[in-house]
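Report on the structure given below.
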Amino acid sequence: MDLFDIIVSILGSTIRLSIPLLFTALAGLFTERAGVFDIGLEGKMLAAAFASACVAYVTGNAWLGLLGGIGVSILFSLIHGFASITNRGNQIVSGVALNFIAAGLTIVLGQAWFGQGGRTPQLPASGRFSPIILPGADAMRDVPVIGPIYANVISGNNILTYLAFLAVPLSWWVLYRTRFGLRLRAVGENPGAVDTAGISVTWLRYRAVIVAGFLCGFSGAYLSIAQSAAFIKDMSAGKGYIALAALIFAKWKPVPVMFACLLFGFLDAFANFMQGKAVPGIGEVPVQIFQALPYILTCVLLAGFIGIAHPPKAGGVPYTKER
Amino acid sequence: MSTASVPLPNWITYGLMPLLNLIVAFLISGLVVWWIGENPIEALKLLIEGSLGRGDAIGFTLFYTTSFIFTGLSVAVAFHAGLFNIGSEGQAYVGGLGAALVALSLDQYVPWYVTMPFAVIGAAVFGAAWAFIPAWLQAKRGSHIVITTIMFNFIGAALMVYLLVHVLIVPGKMAPETRTFLPGGQLPKLDWLMALFGLKLGPAPFNVSFLIALVMCFLVWVLIWRSKLGYEMRTLGISPSAAVYAGIPYARTVIIAMLISGGLAGMMALNPVMGSSARLQVEFVGGAGFVGIAVSLMGRSHPLGIIFAALLFGILYQGGADLSFEMPNITREMIVVIQGLVILFAGALEYMFRPTMVHIYQRFKRA
C-alpha cells in the first residue's frame, strides 16, 4: 500500500469512528447549554444501542430499530430530567447512576432474552443500515486523488453518517437562529432572567434533555445496527466520555464539536493503524498513548493552556424558583 | 408554600428517608428480576445464603467489603470538601502500582509485617499522586474536578496497561501481570478472626487489609469531625464563599482533601493485590472505585454509615456471584443495576420523598 491509499483508508475509518461521538457530543451540547450536566451520555448511548438491536432483530426493520433506540434513550433522559430538574438532585450523581443502570440492565436483559452472554443475535440485512453507494462512485474510482477519496471516504457510508453531518448545521441553526435556541442558551447562563421573562425554566430544560435523548438514540443505533450487526455488551466502551471530552474541547459550540469529534475519531483510527507498526527512529509507539491522547488533550485544554473553555455559567446548578 | 425550608427532625432526614430510598431501589431491582422471569423472593434468599450462609461466603463478602470501605471513604472525604471525586477507580488502579512496587522490592528480604507499612504508604502515595493533577487543576485553574477525574481514570487505565504489558510483565510470559509476590509481600488471611466466631475461612481471601480499613474509618472520623483541617474542609463543602471569607485557603484545602481522597482510594489496592492475588493484574480494581460512590452516598459520607453500606455491597457482590450460578438468568451484572438504582435513589433523588414527608410530619405534629 502506498502512502495515499493508507491516508484514504485512515480517513475512511476516521469518519466511521467519529459518527457516534458526533451524535453524542451534539446531545451533550443541548443539555449542557441548557445548564444540565450530562455525564449519562455513555449510558444513554449504550441503552439505545441495546434497544435498537433488540427492536431491529424482532421486527427485522432498521428504522424501527432506530426508533426503539431513540425511545429508550429519551426515557433515560426523562429520568435524568426528573431527578435533576424536577427533584433538583445532583446532576452528576444522576448521570453516574444512569450509566450504571444502562451498563447492567443491557447485559441482564440481553442474557435473559437471548441467552448469548449479553449479546443480541446477529441481525438480518434488513435490520441494519447498510452502506449507500453515492452516484458515480464506481465511475470516479479511477480519477486520481479525488476518485478514491470520493469512493472510499465520502461514498459508501450508511444513512446515519450523512444524518450526523446534517445534524451539525441543524444544531447550529436551532441553537443560534431560533427562539427556542436563544432561550435554551439563556437558561444555561442565567435561568433567573429567563424565569423573570415568564418562560418556564423547567419545561425548557426538559426539552433540552429530550433533544439529547433523541440524538443519543442515533449514536446508539449507529453502534449496534449500522457499524456492527448486533449488540455486544459494553459496546459503547467509554465513547460517551470521549464525546463529553470533545464537547469540552470544542468549548460547547456546534461546528467546533464536529471538528473535535473528527480529531478524536482520527486519533482512534490512527491508533488502530499504528498497532504493531514501528516508527522509524522511535520504534513501536505504544497504542495506549493514542488511547489516552483525547483525555490528555482535554485536560490540557481545561487547564487553560490552549485557550480557556468557559462552561455555561448555570451548568450543574438546579434552579430553585423561590426560597 | 414551598416545603424545602421546613425543618424535619434528624431521625427522618438521616434515618427514615435514606431507608425509604433504599427500599424503593431494591423494590425496583426486584421488579427487574421478576420481569426476566425469576422469583425475586427466591433470588433474595439465594443471595443471602450465598453471601452469609457459610464461613467462606462470609469471608468473600468481607473481602469485597474491605475494598468498598476504602473507596467509600475516598469519595466521602472529597465530598465533605464539596468535591465529587469520580476518579477513585483510577486512583486505586495507580495505587496498586505503589503497593506492587513495594512488595516486589521487599518481599525477598523481610516478613510481611515489615512490608505492610511501606506498602500502605506506597499505595497511598501513588493514589494521591494520581489525584494531585485533577486537584491542582481544580484549585488553581478552575477546571471541573468531575471531568478531569473521569479523564484521569482513562489515562490511568492506559498507563497501567502499558506498564503491565511492556514493563512489569514477567519476560517470556503472556499474561500482563507481575510475578507472584513471595510471602513477605503478601498480607495474611484473617482466619483466626473467623475462628473466633467458629467459622472456617476456607479459600476466601479475607485479609489484614480489613483491619487497615477499619483503622482508616476511625482516622477519617477524627479528621472530618475532630480536626481543624476537617472543619475547614466541611466549611468549604457547605459554602466556598463563606470559607474564603473565614480565611480558609481554598486552593490548599482542595488539594489536601483530594490527596487524602486519592490516598484512601490507593490503599484499596492492598486488598486485592497483596491480600488476594499476590500480583498486580490488569483491571484488578474491577469497578470498586465506582461502587465507592454508591457506598458513600448511602452511608451519608459518615465512616460508620460507610461500613454498613460497604457491607451491603459486599453482600450484593458475593451473593450476586453465587446467585448467577444458581439462577443463570440473573447475571452478575444485576449488581451493577442495583448499584445504579441505589445511586439514583439515595443520591440524585435524595429529596424525592421530602415534600410528602413534610406533609405527613406536619399533620402528625398538629394532631
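Here the Cβ of each residue, glycine as well, is placed from N, Cα and C on the backbone.
Residues or ranges marked as transmembrane segment by TrEMBL: B:12-37, B:57-78, B:112-133, B:145-169, B:204-224, B:236-260, B:280-297, B:304-321, B:333-353.
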Original post:
To the transmembrane segment (B:112-133), which of B:12-37, B:57-78, B:145-169 is linked by the most Cβ pairs under 8 Å?
Top reply: B:145-169
Subject >> the transmembrane segment (B:333-353) touching the transmembrane segment (B:12-37) per 3+ Cβ pairs under 8 Å rule >> reply: yes
**OP:** Residue list, the transmembrane segment (B:333-353) vs rest of chain: Cβ under 8 Å, 6 or more residues beyond ends.
**Re:** 17-18, 20-22, 24-26, 28-29, 32-33, 287, 290-291, 293-294, 297-298, 313, 316-317, 320, 323-324
